[in-house]
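A short worksheet on the structure shown next.
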Amino acid sequence: MPFLTHHLPSQYSALANQPQKETSPEDITNTAYCYRHRPDLKCRRQADEPSMALLQKDLGKLSHTDQQAISHVWSLFSAAPSKQRNLMLQGILTQCCFPQLSYISANVRELIKVDFLAALPAELGFKILCSLDTTSLCKAAQVSRRWRSLADDDVVWHKMCEQHIDRKCTKCGWGLPLLERKRLRIEKRQIQLRASGRGINEWSPVITPISETSANPLADISEPPALGPSQLVRKRTNEEGEASPDSTKRLRSSPTREDGPLPSPDLAVEPLPLRRRPWKDVYKDRFRVGTNWKHGRFTTKVFKGHTNGVMCLQFDDKVLITGSYDTTAKVWDVHTGKEIRTLKGHTSGIRCLQFDDSKLMTGSLDNTIKLWNWKTGQCLRTFPAHNAGITCLHFSGPWVASGSMDQTIRVWNSETQQTFLLRGHTDWINSVKVDEASRTLFSASDDLTVRLWDLDAKRVIRVFEGHVGGVQQVLPLPAEFELDEHRNIHGLVDRDDDVSSNASGSNEHSFGDTRRDASLEEPFWPAEPERPAPPHYMLTGALDSTIRLWNACLRTFFGHVEGIWALAADHLRLISGSEDRMMKVWDPRTGKCERTFTGHRGPVTCAWLSDSRVASGSEDCEVRMLFFGNS
């Protein structure tokens, strides 16, 4: 016992001369122990300085003799090896009374807590923190500097953004509006390398570069696309497009974007050096917007200027463009609410429009489509497209499609310079949507049907029936949209609805098989297995006051008391506008109406949706825009 010989030489001097067996490093195997019980780390714990300072202060209050005795005991314990320490502790514990044992228990509970994140490699710490929810992560960041460094890291918050933004989380059911999908995709590989422990020295331990430019603070933020705004309009007996109070049908166009704004040459500019925002800031911004949507917190801006009903609209981050029965289209500043310019040229009411970064197309009851440079107000071309008023249009890639009161659909292909008519509907065409990838087109009509067309074969391949009122809107949903996996899809099918194909020789595949693996095993196009299938799901709105989610009509949404004229949707929510002057927000997966907005003094004829805004136009000549983020 060399430590006793050192402290009590008078009693243990005889043992000092006995040879001591030395333990070789080979005798100690650390691989069988966890980091808390490794023999080579035992009895190496450093004293806690604040605790020792308190002990010394209490010790100073005792007599000199007591101080010497207690200090001597501490010295013996400090010098003792592990085995001897255990014996000392056992002896002390056997002599303790219950209050003393209780005191020991209360103190030991705190002392044996271990900072496992500090002890583990960073990549394992990331793995643990990625399993936490938002609230737990924020609390973890308050534990210590080390925990904050890991909990605020881009590895963790990139995972949170990927899991929640623009989708419903499968674990918590919470979804956040789209903000930076492109950045999520680009940086995913870098984040994966960092999370696995490779490339850690190349990144800041806390954040990645921040995205800000003095010229454009939103340079790295893309306004998420609205999948389907609806521009709705009434049928008018007056060719001049004047309002008809007793008219029963509404013409509307749905200028929608399949995947956001169409590409523009203006985007091909040399990139400016950007500093990226931390992913935690991105998530915080999206969480704030998502919470505002959930609790109905928003600010409202009203755009006034039209002298007749507003029948169609679309907006992006900077401008709002509206079309009206007063024969004009107006360009507005989204942020100030002021009118920028008025586009004049049509001789009857404008029923539909769609724009991208470089062009605007408008369709009118004067039977023409006009192509504009909306930035200057110049009309570039006029197309005499139909023999009756044009009620809807949509362009995507090289395809442009328009629907008319003459019951036909006209399609242009800018690459082949080909144009053709699609015939089959027996009443006005109210909505057309082109799916560029599958080269198909969806159309909705007052004949109560929705039709799916093959643009290559120029024929209908599927007819969807079930509505009992004129179908005013059709919105194909993107491939990313899926119903909750745990739900029994077949149990949701409305057995009263019929999905049939009336075209001879039409494709016998169901519209988007309810099982993904089935659709992968058997291509939608047997003769062209490499050709993408049409969108898996679609939404329709009709004058029977219902909205339907289709695969083979999976769900019917009830809530409006009069006919539905407007639909707009993204991955998280569905917006509808109705003759009852109300706009409703729905969960497209469950069919639940989450919120109802009022304020218009006339039927809601058109709507458009983005991540943090929704706009609606009405026959009261006004456009109301609700801001759920920063206006």
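Cβ atoms here come from the backbone N, Cα and C positions, even for glycine.
The compositional bias 'Polar residues' annotation in TrEMBL covers 500-509. Annotated domain 'F-box' per TrEMBL: 114-160, in sequence order. Per TrEMBL, the feature region 'Disordered' maps to 215-270, 494-517. As annotated by TrEMBL, repeat 'WD' applies to 303-342, 343-382, 383-422, 422-463, 557-596.
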Problem set entry | Within the domain 'F-box' (114-160), residues counted as helix, strand or coil by DSSP | 33 helix, 0 strand, 14 coil
Seminar exercise, completed: Model confidence for the repeat 'WD' (343-382), as mean pLDDT, reads 95
Exercise. Of the residues in the repeat 'WD' (343-382), how many are helix, strand and coil by DSSP?
Worked result: 0 helix, 23 strand, 17 coil
